[in-house]
Amino acid sequence: MEILVLNLGSSSIKFKLFDMKENKPLASGLAEKIGEEIGQLKIKSHLHHNDQELKEKLVIKDHAIGLLMIRENLTKMGIIKDFNQIDAIGHRVVQGGDKFHAPVLVDEKVMREIGNLSILAPLHNPANLAGIEFVQKAHPHIPQIAVFDTAFHASMPSYAYMYALPYELYEKYQIRRYGFHGTSHHYVAKEAAKFLNIPYEEFNAISLHLGNGSSAAAIQNGKSVDTSMGLTPLEGLIMGTRCGDIDPTVVEYIAQCANKSLEEVMKILNHESGLKGICGDNDARNIEVRKEKGDKQAKLAFEMCVYRIKKYIGAYMVVLKKVDAIIFTGGLGENYSALRESVCEGLENLGIALHKPTNDNPGSALVNLSQPNTKIQILRIPTDEELEIALQAKEMVEKIKVV
């Protein structure tokens, strides 16, 4: 079985094609800067006998043109003979709202609902839908599966996902915590349970997906019971350009003091805050270099980021009562050893003790970073959201075939 995974952003298309016999990628790539003056198309073959790599700078007018280019080059490069041989297409859809708690086979009704949910994810859901619509028109016989970023967190109890606002706002406008990075949190939790030889339905963990966008999740008996992101990905941890948790009155105060519109203030909170807001840079590599040279702003940004993560670990330790593992994943979680070290520093009394030599040289695969005989295991796990989407799509297709 061959499954194509598509992840359409506001100006990009990421894709990965899998052979599901061995869960191995056949190809991966990216179309970026869509709609801009000059875009870029990258496609890499992962076949043993074919290690071709395509890199082209060209105009990519819209998502449909980008998808046509990907389709054309997958056959031209000899990765697949015919696009129609693909058994299913799995789509990452950011916002599933209250409607979608699991992967779903796409039909007209599902497409309408994804469109209706665009109000909660105006940058992402319309792009996700564009990919679905393209395939529906060009290859209507290929089953499409929508896998929602929010679905893993659908198991949160109401006391964790509700905001203490007038209840009618939830009833009318579905204002509540949804959480994101669900596909990543789900994937690494399953990998961790397998690695530690704990049945997944008995596994408890705190998962930290740390990157330019970051979130924490409390996982109890294999299910999400709380997460740091909220109605949107702005809430929670300090991120590359997002502020994370703040007093909501700050929005009104900035608008009054700086004479800004609501739209301008929200742009500041989403795109000019976080690490970038504190030290002028959201590249962790640059921040680390500056910090080591004694740069006060870089040091402050790093310390604020670490402190916020520690607060969430502490809160989720109380929520979960028993914790089997702390999981680090995402671009920073996987690659930023100094961040992992600082997050774990001083948590020994909670049963969390990092083995520094392993942390400094963790390799590229799943690794246990804990000192021997510690109560809670610290795991560094490379996430693979595309594979998780492919696995969920495969499961759906097999169910359809049985029916």
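Don't overthink the numbers, they just go from 1 along the chain as shown.
Quick reminder: no glycine exception, Cβ is built from N, Cα and C everywhere.
As given in Swiss-Prot:
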| type | residues | note |
| --- | --- | --- |
| BINDING | Lys14, His209, Leu210, Gly211, Asn212, Gly213, Asp283, Ala284, Arg285, Gly331, Leu332, Gly333, Glu334, Asn335 | ATP binding site |
| BINDING | Arg92 | substrate binding site |
| ACT_SITE | Asp149 | active site, proton donor/acceptor |
| SITE | His181 | site 'Transition state stabilizer' |
| SITE | Arg242 | site 'Transition state stabilizer' |
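Structure with Swiss-Prot features highlighted.
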residue : record                             : DSSP class
Lys14   : ATP binding site                   : strand
Arg92   : substrate binding site             : strand
Asp149  : active site, proton donor/acceptor : coil
His181  : site 'Transition state stabilizer' : coil
Leu210  : ATP binding site                   : coil
Arg242  : site 'Transition state stabilizer' : coil
Asp283  : ATP binding site                   : coil
Leu332  : ATP binding site                   : helix
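Among the residues the record lists as binding ATP, namely Lys14, His209, Leu210, Gly211, Asn212, Gly213, Asp283, Ala284, Arg285, Gly331, Leu332, Gly333, Glu334, Asn335, the two farthest apart have Cα atoms separated by 24 Å.
The closest partner of Arg242 (site 'Transition state stabilizer') among the recorded positions, by CA position, is Asn212; the full candidate set was Arg92, His181, Asn212, Asp283, Leu332. Counting other CB atoms no more than 10 Å from each candidate's CB, the recorded positions Asp149, Asp283, Glu334 peak at Asp149. For the pair His181 (site 'Transition state stabilizer') and the residue listed as 'substrate binding site', the C-alpha distance works out to 11 angstrom. Within 10 Å of the Cα of the residue listed as 'substrate binding site', the following recorded positions from the list Asp149, Leu210, Asp283, Arg285, Glu334 place their own Cα: Asp149. Ranked by Cβ neighbours within 10 A across all protein chains shown, the recorded positions Lys14, Arg92, His181, Arg242, Arg285 are led by His181.
Taking the Cβ of Asn212 (ATP binding site) as reference, residues of its chain lying under 8 Å away and at least six apart in sequence are, in sequence order, Met239, Gly240, Thr241, Asn282, Gly331. Of the listed binding-site residues Leu210, Leu332, the Cβ environment within 10 Å is emptiest of other Cβ atoms at Leu332.
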